[in-house]
Each structure stands twice: as C-alpha cells, then as structure tokens.
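Worksheet: the structure to be examined is printed underneath.
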Amino acid sequence: MNYLPIFADLRQRPVLVVGGGEVATRKIDLLQRAGAEVKIVALALAEPLAAQHQAGQVEWLAQSFTPELLSGVFLVIAATDDAELNAAVFEAANQRHLLVNVVDDQPKCTFIFPSIVDRSPLVVAISSGGQAPVLARLLREKLESLLPASLGTMAEIAGSWRDRIKTRLHSMPARRRFWERLFVGRFASLVSAGQLEQAEGELQQQLVNQQDEQQLPAAARGEVALVGAGPGDAGLLTLRGLQVMQQADVVLYDHLVSADVLDLVRRDAERICVGKRASTHSLPQGEINQLLVKLAQEGKRVVRLKGGDPFIFGRGGEELQAVAQAGITFQVVPGVTAAAGVTAYAGIPLTHRDHAQSVIFITGHCRPDGDSLDWSTLARGRQTLAIYMGTMKAAEISQQLIAHGRSAQTPVAVISRGTRHDQQVQIGTLQELEHLARQAPTPALLVIGEVVDLHHQIAWFGQTTPTVPQDSRPAVVNLA
C-alpha cells in the first residue's frame, strides 16, 4: 500500500490553492464541498472563481506566490501550468511538513485526490496510487451504479440515533450486531422507498429486539460458523463465506488459509492461528474443539476458517460434533475444495469422457490405527486420484499402485500452492512420483491419472503459452 487512505476534516481549516484557472476551479469546488476555507494565490482568476470571490466564498490574494503565504495553512494545492512555480510551492510546503498536492505531478505530491463516490455522509474513495487513474475512474463509475442514493439518508438516520443506541446497548458487540441487522433488513428497504417515518419505527423495534436478546445468557447468544476458505485465491471464497467473516468477533484459522483470504476478515476481529498442517498442530484437535466451545459460550460469533472445504479432510465434522454437544448454534459455509480448485487452475479436468469416468479423493494423512487403503480399487484405470497431504507418502503410493496393476507410466501431477500467484505444477509419471513430491513446495496436491496429460493442452493460469514441453524427465512449470 503506497498511500494511506484517510479522511481529513477540512471544516473551517485554511487551504491554500496556488493558481486561478480551470484546474484550480475543479479542486476548489471539491474543497468547498468539504467545508474548507479556501485562499487563492493567483494574478488572475477564471470567471467562476471571480464570481465566488465577489460573493465572499473564497479569499483572493492577487500576488505571486511566496513561502510566507504558507503560514497557518493546513494543506496546499498547486494548480498552475508553470512547472517551475509548482516545484517552488512543493519545496516550500514540504520543508514546512505541510501536505501538498501538485496537480498531475505525482512525484511532487505528499497526498493525492482519489476518485469519489459521494453519498454523504457515506463517502467511498478509490485510488490507484496514480498508476492507473482511468481504471480508478471506471471503478468509480461502476460503484456509482451499484450504490443507491438512499445510502446517505440511511447513514444520516443512523448518525442521529448513535448516542441513544450507546446508552441502551452498552457493549460494542451488541451495538455492532444491532447495526449489522438493521442495515440489511426491512429498515434499509423502507429508507430506499422514502418511508422515513416507518423506517425510524423499524429501527426502534429492532432496538427493543436487541435489548431483549441481551437479556439471554451469553452462551445462548454465541454461535460458530464453519467456513471453507477455498484453496488460496481469495476470488474463490464464496459470497456467504465473506459475509460471515465480516460479522465475526473472533476467527480461528489454519496455516492453509491464504493471507489474501485473511485480509477479508473484519479488521477488528480477533484472529487466532491454530496452525494445522499434516502431522503438525499449533493446538491439538481436542483443544481446538474446546476453544470453539469456550469462545461461543462467551457470547461471541466465532468463525472457524479452514482451507478448501471444511468437510473434505478438514476434520470439520469433529469440530461441529463438539459444538453441537455443547448446545451451541452453528452453521456451515462450504468452500471450493483443493482438488476442484487447484486442478482447474492447473488445466487438469478431474473427469473426462475419454480418460476418466470417476474421481476419488484420498487423504495421505490417515489415523495411525486406521484401516489401510484398498490399493486394488485405487489402481484401476480410467479414474483420477486426487490425494491430499500425500507428499510424505509419495513413495508408498507409487509403489502400491504399480504393485497392484497401475502402469508405471501413468501421468501424475504435483501441484504446489495451487490457485496462488506462485503456483507450481510438476508433471511426470507414476514411477517418478516420489522424486516430484520431494521437489515440491508444500502444501501440494497429488493428481494421478490420464487426465493429467490434458494439462499440456489447456493449462491457462499465469502462462504465456498453453503447452509445456515433454521429455523423459519431470517437467517443472512455474506458473507465477
């Protein structure tokens, strides 16, 4: 992040604008909408600015710029077509540690103006940091069409009730829940329809409901949401998953959850890494189960965020059993499992009419006392094997499949960090699986079957060419 997005209170604060032409006029209009006291330094004024000066709306200093004019100023804008003058304004302001913007000269800016969607008091600011202003403008236009004009009225009503809500709902979590429910419910529809009196009545009813809820024991208010985070690319997170993450009081997450997905969690939610990887846990599974129950019994909305889908080799079922036995309300938000997302990004269809009529999901990390795999069934042809957490067992997997009849030349793929910018796909044969797995960064998915050969034709993610040369050695393809 090259710029920190902040909202400055300019009401009754002096802002100096150097320049009196068309560009200065546009900037001054924006400053006045924010309540700034504008001083213009220019030898002449464009007609709109001259009219504002006559009306007493701006102060005009009809002289050349001197550094002394910066005394007592909050921020500075240079909006002239004189590069030398603009540079002088920048240097003088910078020496005095004043925020300064030289229009259309980013290196001479200590702040920049974003594209704005104005639904005052709700304001959305968009910036590309000066790298792609047209892209920022297009995004603003998109948001203009998506955000209803009634949002401003909704925010004004909320502001008028804010102090009263604080006196009746004493805890921050209770107030947050109240506002979240209010803004997505009937209240929003009434405001949008212009029925403001009815909207305030709905607000009062929701406040009563929230107060009644606060009388319940904490354990009755807490809840757990088991959310699948997908394989890594934040774009694969479900809409429902995002909504639940944005409402969480606390989030328990694994190492497999990508940083991009974690960035979507509500900013002030507590985050606890329980750090699960194959055979390695920051917390034992039993302690994770107990922590989920404990946090929910404190009245918190708990999100258990798991890579992929929580019910596919994620032990999500075990966690929910503990939650259910404690009598806690819960919900499940499915996620894109690694076998589906990672293979799609690698250009490997799990089934194909010519190659595989079935797919089997397998974990390489079984219980030590568990039953052994049915290798005879797994070694059959015309099926795809997708093996989670299998890199440490790659040698055994290869040996057993070959021993039970699968061809040693069966195509295999080891896909590391799938769907992420640093995804790697290693292609080889079943007899080379141990070597490929040893090379692969983790986490990695093993894919075994004839469908792997289609990678050479339809790989698409991050590549400049859809084909990968084949030779007798494993091919390592970096799809970063």
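Heads up, the Cβ atoms here are built off N, Cα and C, so glycines get one too.
Per Swiss-Prot, region 'Precorrin-2 dehydrogenase /sirohydrochlorin ferrochelatase' is recorded for 1-203, and the stated evidence type is sequence analysis.
According to Swiss-Prot, the feature NAD(+) binding site maps to E22, V23, L43, A44. Of all the Cβ atoms in the protein chains shown, 18 others lie within 10 Å of the Cβ of V23 (NAD(+) binding site).
The phosphoserine annotation in Swiss-Prot covers S128. For S128 (phosphoserine), other Cβ atoms within 10 Å of its Cβ number 17.
The region 'Uroporphyrinogen-III C-methyltransferase' annotation in Swiss-Prot covers 222-480.
The S-adenosyl-L-methionine binding site annotation in Swiss-Prot covers P231, G307, G308, D309, I312, T337, A338, M389, G418, and the record cites sequence analysis as its basis. In the three-state DSSP assignment, the secondary structure recorded for P231 (S-adenosyl-L-methionine binding site) is coil.
Per Swiss-Prot, the feature active site, proton acceptor maps to D254. Look at D254 (active site, proton acceptor): DSSP puts it in coil.
Per Swiss-Prot, active site, proton donor is recorded for K276.
Here the binding residues for S-adenosyl-L-methionine are P231, G307, G308, D309, I312, T337, A338, M389, G418. Their largest Cα to Cα distance works out to 17 Å.
Other residues of the same chain near the S-adenosyl-L-methionine site, with their Cβ within 8 Å of the Cβ centroid of P231, G307, G308, D309, I312, T337, A338, M389, G418, are G230, L256, F313, G314, G335, V336, A339, G341, V342, Y388, L445. Comparing D254 (active site, proton acceptor) with L43 (NAD(+) binding site), their Cα atoms are 63 Å apart once rounded. Cα spacing between E22 (NAD(+) binding site) and G308 (S-adenosyl-L-methionine binding site): 54 Å, rounded to the nearest whole number. Cα of I312 (S-adenosyl-L-methionine binding site) to Cα of L43 (NAD(+) binding site): a distance of 72 Å.
Highest local Cβ density among the binding-site residues G308, G418 belongs to G308, counted as other Cβ atoms within 10 Å over all protein chains shown.
If you take the C-beta of L43 (NAD(+) binding site) and look for same-chain residues 6 or more apart in sequence within under 8 angstroms, you find G20, A62, Q63, S64.
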